Amino acid sequence: MTFSPMFTCFTIVSFLFMAVAMAAGNFNQQFDTTWGDGRAKVLQNGQLLTLSLDKTSGSGFKSKNQYLFGKIDMQLKLVPGNSAGTVTAYYLSSLGSAHDEIDFEFLGNLSGDPYILHTNVFTQGKGNREQQFYLWFDPTKDFHTYSVLWNPLSIVFSVDGTPIREFKNMESKGIPYPKSQPMWIYSSLWNADDWATRGGLIKTDWSQAPFTASYRNFNAQACIWASGSSSCSSSGSSSNSWLSQSLGSTGQGRIKWVQKNYMIYNYCTDAKRFPQGPPPECSMA
Ligand SMILES: *[C@@H]1O[C@H](CO)[C@@H](O)[C@H](O)[C@H]1NC(C)=O
């Protein structure tokens, strides 16, 4: 009985944490399904979202909020089995021809053959910064966490907490950096069998449709942009340590490990494509 007040206090605190975590992860509160005529579904009281693709259409969703910087985690479980020809895109993007964009794209494959994780960064409408990776696990068996840390210093792509790519702010060297256009979070599942699997050689097997990808545990520590101002400019920003976070030497080491063992394409080393030498950010990374 002497425990009782403490226990009550602990219980209240746990409930508070639960409420915050659940609000963060609720797809009904954070996202709208935007296309696919019912092929995008929010299930389990907002805890799960699924996208599907069949011969008629793919599907997609979009965040309700716009963000200007954030540390954004999402768990994805990709289309299992023969997913050749399908692409699951998960990305942040602003609007317009001079838009900024931070991309994860998952290119499906025949059963047992590896997915490709394709990444890109667009600044002021210009991309052409592709890096592609194999993953060190089967991304269709379980949910895995794909994260973007986007702050004024750098953009870091991570997979299950392991950084795989960094795009640093090199504005001082004349390279544009995304820092003034708010972005939405988008995802879509569509047919791209003209290029996705072995460069378009393997086509989508529609007898396997519908293809389904699943999402859960969305979490954003982020600056929400609304009516021209940022939620981070108000007080109480002590919890925004991610805004000034950057990769330390451990993180750099992890990136090197991933690039050495799992990177299959890097625009920076594509001499055929850039005969005059790689783009300027490549030599400064
Ligand atoms: C699919 O598997 C083939 C054969 O292992 C591989 O060359 C290719 O990179 C894989 N991924 C995609 C998306 O084509």
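Glycine too: its Cβ is placed from the backbone N, Cα and C atoms.
The signal peptide feature in TrEMBL is assigned to 1-23. Residues annotated as domain 'GH16' in TrEMBL: 21-215. The feature active site, nucleophile is assigned by TrEMBL to E101. Marked as active site, proton donor by TrEMBL: E105. Annotated N-linked glycosylation site per TrEMBL: N109, in sequence order.
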Neighbour count (Cβ, 10 Å) for E105 (active site, proton donor): 19
Set of same-chain residues at least 6 away whose C-beta sits under 8 angstroms from the residue listed as 'active site, nucleophile': Y91, L92, S93, S94, N120, V121, F122, G127, M183
Residues near N109 (N-linked glycosylation site) in space but at least six apart in sequence (CB under 8 A): S83, A84, Y115, I116, T197, I202
Entries of E101, E105, N109 (recorded positions) sitting next to ligand 1, with Cβ under 6 Å as the cut-off: N109
PLDDT averaged over the residues of the domain 'GH16' (21-215): 96
